[in-house]
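Engineer: TrEMBL lists these features:
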BINDING   B:K70, B:V71, B:K72, B:T181, B:N288, B:F289, B:R290, B:K308  ATP binding site
DISULFID  B:C114-B:C159  disulfide bond
CARBOHYD  B:N179  N-linked glycosylation site
DISULFID  B:C212-B:C222  disulfide bond
DISULFID  B:C256-B:C265  disulfide bond
TRANSMEM  B:331-356  transmembrane segment
Amino acid sequence: MLRGTDMMGCITDFFTYETTKSVVVKSWTIGVINRVVQLLIITYFIGWVFLHEKAYQVRDTAIESSVMTKVKGFGVYNGRVMDVADYVTPTQGASVFCIITKLITTENQVQGFCPEVFLVQSKEMRGSSRSSPHVPGVMTGKCVSFNSTLNTCEIRGWCPTCLSPCVCVCPSPMMEVENFTIFIKNSIRFPLFNFTKGNFLPTITSSYIKKCNFDPVNNTYCPIFRVGDVIRFAHQNFSTLAHKGGVIGIKIGWVCDLDKSEDSCNPSYSFTRLDAVSEKNNVSPGYNFRYAKYYMMENGTEYRTLLKAYAIRFDVLVNGNAGKFNMIPTLINMVAAFTSVGVGTVLCDIILLNFLKGAEQYKAKKFEEIASSVSHGNGFGRSSCSQLAVKQDEMRSTDSGAFSIGQEL
Amino acid sequence: MLRGTDMMGCITDFFTYETTKSVVVKSWTIGVINRVVQLLIITYFIGWVFLHEKAYQVRDTAIESSVMTKVKGFGVYNGRVMDVADYVTPTQGASVFCIITKLITTENQVQGFCPEVFLVQSKEMRGSSRSSPHVPGVMTGKCVSFNSTLNTCEIRGWCPTCLSPCVCVCPSPMMEVENFTIFIKNSIRFPLFNFTKGNFLPTITSSYIKKCNFDPVNNTYCPIFRVGDVIRFAHQNFSTLAHKGGVIGIKIGWVCDLDKSEDSCNPSYSFTRLDAVSEKNNVSPGYNFRYAKYYMMENGTEYRTLLKAYAIRFDVLVNGNAGKFNMIPTLINMVAAFTSVGVGTVLCDIILLNFLKGAEQYKAKKFEEIASSVSHGNGFGRSSCSQLAVKQDEMRSTDSGAFSIGQEL
Amino acid sequence: MLRGTDMMGCITDFFTYETTKSVVVKSWTIGVINRVVQLLIITYFIGWVFLHEKAYQVRDTAIESSVMTKVKGFGVYNGRVMDVADYVTPTQGASVFCIITKLITTENQVQGFCPEVFLVQSKEMRGSSRSSPHVPGVMTGKCVSFNSTLNTCEIRGWCPTCLSPCVCVCPSPMMEVENFTIFIKNSIRFPLFNFTKGNFLPTITSSYIKKCNFDPVNNTYCPIFRVGDVIRFAHQNFSTLAHKGGVIGIKIGWVCDLDKSEDSCNPSYSFTRLDAVSEKNNVSPGYNFRYAKYYMMENGTEYRTLLKAYAIRFDVLVNGNAGKFNMIPTLINMVAAFTSVGVGTVLCDIILLNFLKGAEQYKAKKFEEIASSVSHGNGFGRSSCSQLAVKQDEMRSTDSGAFSIGQEL
């Protein structure tokens with residue numbers, strides 16, 4: 001029988017409920033402070049955490065995106081009409097592409113020996129066959145006459161040579177680029193919700209697409225962008241960019257609340273200059289690169305046209321996130337909100353026990369002192385230190401709030 | 001001496017321990033509710049937070065990845081055999097590449113003057129020399145005869161012209177692409193743990209690589225993908241894609257638990273169509289781009305072949321994260337779990353003090369009232385409002401749980 | 001009047017303040033433990049959360065970045081001088097680029113019929129016109145003599161054929177690549193703070209740029225990198241990489257504390273081999289790709305030079321985050337710190353109520369028992385189970401801490 005009773009006792013002991021014993025202070029001052037603090041905390045949770053930060057939603061930030069671009073427009077440059085196959089590189093129409101605005105061309109280069117055009121450092125370098133990054137080829141060490149008055153170093157490489165700052169020809173940029181249009185097709189997907197959308201909104205018709213140009217007031221969803229507009233929206237000057245080259249970012253942001261209708265999940269476009277440092281620093285301004293077109297003569301000799309291209313590079317950057325109602329974050333944040341309301345007591349306790357009239361009496365009620373049974377008899381002495389912390393100074397009273405365990409033993 | 005005693009008092013006051021006074025309710029109802037709520041909270045923490053979300057691990061999400069791709073296969077197109085150098089662009093074998101399925105070719109274009117092929121808007125535009133994005137060159141304003149029955153505008157640019165919808169020749173796609181294979185070599189690194197792995201598992205041998213094709217059942221780790229399979233896994237139709245072009249995402253996911261053996265950290269492949277909007281919207285379906293091959297005549301005149309390529313673009317997207325046991329998150333989450341168990345009291349208190357038999361008596365025990373010493377004597381009046389909140393209605397009893405401070409003064 | 005009094009009662013009931021009743025234990029042992037635990041928690045919050053993790057800051061991790069690269073140097077390969085237009089691809093100077101170190105060239109290929117060079121599997125495959133990825137063209141099914149002693153399959157495609165392992169010519173790599181320099185221009189922006197900076201620090205002058213090479217000790221901010229150095233910093237061997245190809249990551253990290261001066265927000269460079277798996281696994285070592293240069297004969301026949309390029313690919317990876325003081329995270333984390341100090345009581349309670357001398361007396365003071373009014377009279381029996389949990393064993397004492405509600409009724 002005893003064993004059964006014991007076990008029963010264990011079980012009944014287990015199924016008890018333990019809650020804190022509370023002290024209720026009926027004071028207008030602290031009551032109002034308490035409620036105001038609680039109101040602030042609730043306001044913070046409802047206003048900021050739930051309404052603004054949408055803490056009741058799960059959020060998918062792993063946006064999948066695909067960007068296709070197509071540039072349109074014709075320019076005249078060096079007496080030639082340039083079309084998209086001539087001035088856009090890479091040609092694949094991906095999210096990063098360059099529109100060439102200026103070309104410095106050196107035609108009919110063949111492998112051979114020729115005099116170097118630069119005269120800088122000619123004296124020091126003569127006799128050295130080490131290649132230098134500032135000389136357009138490998139130096140042979142010979143000295144040859146460039147023209148009747150000038151001797152220079154002979155180099156081996158693609159001849160004739162031409163390097164910037166170019167003595168050959170420095171043309172002006174192709175100003176028609178300003179009127180070129182960039183067509184951007186962007187599809188996104190939020191894999192968590194299997195939600196797919198594109199920047200071609202259902203409201204866009206074939207005829208609208210043919211005419212529209214993006215502007216942030218009237219045509220916020222037109223996926224066709226005038227180059228000049230994009231550069232203006234990024235607070236840049238087209239002429240400077242066309243001369244020196246640069247990198248412009250076209251950012252597409254998708255911030256979607258999937259609890260609302262699908263129509264309210266729309267792209268927002270913004271524009272910025274990405275190589276902002278090129279503006280500030282004069283050491284290496286702008287953006288340019290070299291490439292070559294290779295040809296072959298009938299006799300099998302390869303020759304090439306070397307091109308130094310100044311270009312405006314466009315980076316289409318897509319970012320975004322989507323949220324949708326979900327039980328788990330809602331519950332967790334509601335519990336967090338409820339328990340946080342209790343945090344106000346820390347502040348109120350400090351006020352109650354230190355700054356309010358009758359603080360000593362509140363302390364006496366809130367704190368119940370137990371002297372250590374070990375140090376019983378000569379336990380703790382009296383202290384006269386007044387500290388701000390939430391601590392009880394000693395008190396002797398007959399109420400149950402303060403007595404020594406010693407009396408019980 | 002006094003000073004020493006004072007300081008001693010301060011120190012003893014400081015080294016006290018303050019804990020809440022608790023009320024233990026021996027009731028089966030609330031006891032069971034309490035334990036069930038606690039059990040739910042513990043289950044949530046152990047099951048979800050620790051086992052499912054692995055909160056005991058530090059997580060590295062900054063995966064470093066490198067992708068190399070290689071396409072193999074031969075197709076016959078326009079009477080020519082096409083190999084990888086012909087149909088893959090860009091050629092570098094990076095994570096994004098296009099397989100060209102259809103080519104519209106305009107050969108032997110030279111800079112010059114020629115009649116425009118399109119007849120649309122010929123009337124309105126005649127006499128205007130402004131370049132339009134729908135006309136393949138700069139209009140000269142002259143009117144020329146295209147053939148015996150038809151007059152059209154003269155343009156300056158690359159001649160002869162051809163633009164889609166093409167009147168020249170609209171060929172069918174290269175259907176052999178379906179049997180091409182894509183070989184993907186992917187290395188990843190988690191810098192936080194200095195852990196490196198690749199999608200070439202150690203179990204893969206040279207002979208296996210020569211024969212295998214990825215399928216999600218039997219060859220889940222074979223790094224060679226048939227184009228037709230990839231398109232089928234993405235729930236697309238090869239024939240439609242080959243005609244119009246499109247973008248397919250090959251996603252490689254690395255979710256690794258580094259507390260387990262290295263062998264259990266394996267890639268998982270998934271496939272999706274990234275330009276899903278192209279399917280829905282007819283304004284700009286598919287994916288195509290223009291590029292040119294440049295040649296030079298003996299006399300130095302440049303000519304070119306303009307190509308409009310319809311292609312399937314493949315984007316290899318790598319994502320992943322790895323976790324490993326770490327003391328700091330383990331401790332933080334264990335503390336969070338322990339303290340969260342106490343959250344159940346909020347619910348239990350509401351039940352105990354409002355819905356249980358004898359609620360009034362529980363209230364009397366839980367709450368101890370202190371009337372404000374300022375408003376002593378005429379403090380708060382009696383109230384008859386019954387609120388759900390965890391509040392004590394007044395009670396007058398002789399037990400230590402409820403008495404007025406006024407008696408002490 | 002009564003209604004007014006009732007409402008007043010409601011309001012006064014509402015503006016009360018409820019705080020927990022506490023028990024203060026004056027024991028050196030538990031007092032010291034309590035303070036030490038609190039000290040640890042405070043140290044954790046101040047040292048780790050605030051000082052190390054900078055929890056008082058809002059953090060912007062959505063770094064915007066733009067990378068431009070430029071390679072310089074000349075190499076001699078196959079009797080030709082190679083410049084940047086010859087060995088860098090893609091040419092645009094973006095964040096990913098390849099420096100070609102070795103080229104296997106098959107010149108003057110035209111579309112036609114020719115004998116296959118490989119002899120492997122010739123017997124089994126004869127008679128099959130199916131294209132195989134290991135044969136460089138479409139098999140015609142005919143058998144032709146390759147030379148006087150050897151018969152092989154005829155294929156249709158680009159002829160003559162050459163495929164690796166190449167029987168034509170396997171040259172050594174261009175060793176000058178080691179001395180090439182990579183110039184990296186990187187601009188970043190933290191959109192949240194509208195903070196822009198570049199890796200061209202204001203202290204860098206034109207003359208410094210002309211001479212400097214990055215090294216992690218003396219020239220930590222020089223944006224010019226010798227290829228050989230980069231490979232050494234990534235713990236790789238240049239000669240092996242040049243032979244087989246590979247992928248090197250140049251990582252630029254921007255971790256900025258914007259509460260400090262702008263000058264302390266500087267890039268840090270690190271180097272790693274990204275295709276580490278290529279080292280371990282011999283199935284597909286290194287990095288190479290095929291591309292072609294297309295030419296046209298006078299009679300309009302296209303011919304091409306097929307190139308198999310072994311290259312070192314460089315990926316410039318930019319990551320970073322910036323923090324700046326903000327009230328909201330500071331407040332939230334301070335509240336979290338304050339409330340977490342109370343967490344120590346869980347541990348102290350366990351010690352106090354179970355392991356300390358006089359634990360029974362502490363229990364008697366901490367817990368106040370209420371028997372369920374429902375099971376009044378025969379409530380819970382005595383239990384003899386001793387559990388570690390923070391539970392009260394029964395006690396009979398005359399103090400207010402333990403009495404039955406029944407007596408009150």
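Each residue, glycine too, has its Cβ placed from N, Cα and C.
Please situate the listed features within the shown structure.
Structural biologist: Note: B:V71 (ATP binding site) has non-local neighbours B:V84, B:Y87, B:V88, B:F97, B:I99, B:F180, B:T181, B:I182, B:F183, i.e. same-chain residues 6+ apart with C-beta under 8 A of its own C-beta.
Look at B:C159 (disulfide bond): DSSP puts it in a strand.
Around B:N179 (N-linked glycosylation site), the same-chain residues six or more apart in sequence whose CB sits under 8 Å from its CB are B:G73, B:R226, B:V227, B:G228, listed in sequence order.
The Cβ neighbour count for B:C222 (disulfide bond), using a 10 Å radius and every protein chain shown, is 19.
If you take the C-beta of B:C256 (disulfide bond) and look for same-chain residues 6 or more apart in sequence within under 8 angstroms, you find B:F190, B:F195, B:K197, B:S264, B:C265, B:G320, B:N321, B:A322, B:G323.
Residues 25, 27, 29-30, 33-34, 37-38, 41-42, 45-46, 49-50, 55-56, 362-363, 366, 388, 390 of the same chain lie 6 or more positions beyond the ends of the transmembrane segment (B:331-356) yet place their CB under 8 Å from a CB of it.
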Engineer: Taking the Cβ of B:C159 (disulfide bond) as centre, how many other Cβ atoms lie within 10 Å?
Structural biologist: 20
Engineer: Among the recorded positions (B:C114, B:C159, B:C212, B:F289, B:R290, B:K308), which are close to chain A, meaning C-beta separation under 8 angstroms?
Structural biologist: B:F289, B:R290
Engineer: Can you tell me whether DSSP puts B:C114 (disulfide bond) in helix, strand or coil?
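Structural biologist: Looking at the DSSP assignment, B:C114 (disulfide bond) belongs to a strand.
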Engineer: Quick one: of the recorded positions B:V71, B:K72, B:C114, B:C256, which have a CB under 8 A from chain C's CB atoms?
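Structural biologist: From B:V71, B:K72, B:C114, B:C256, the ones near chain C are B:K72.
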Engineer: Per the record, ATP is bound by B:K70, B:V71, B:K72, B:T181, B:N288, B:F289, B:R290, B:K308: how many Å separate the farthest pair of Cα atoms?
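Structural biologist: Binding-site diameter by Cα atoms for ATP: 25 Å.
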Engineer: Can you tell which of the disulfide-bonded residues B:C114, B:C159, B:C222 lies nearest to B:K72 (ATP binding site) in space, using Cα positions?
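Structural biologist: Nearest by Cα distance to B:K72 (ATP binding site): B:C222.
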Engineer: For the C-alpha pair, I'd like the distance in angstrom between B:C114 (disulfide bond) and B:K308 (ATP binding site), rounded off.
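Structural biologist: Cα-Cα distance, B:C114 (disulfide bond) to B:K308 (ATP binding site): 20 Å.
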Engineer: Using the alpha carbons only, what distance in Å do you get between B:C222 (disulfide bond) and B:K70 (ATP binding site) once rounded?
Structural biologist: 14
Engineer: What Cα-Cα separation, expressed in whole Å, is found between B:F289 (ATP binding site) and B:C159 (disulfide bond)?
Structural biologist: 19
Engineer: Counting only residues 6+ away in sequence within the same chain, which have a CB under 8 Å from the CB of B:R290 (ATP binding site)?
Structural biologist: B:L306, B:L307, B:K308, B:A309
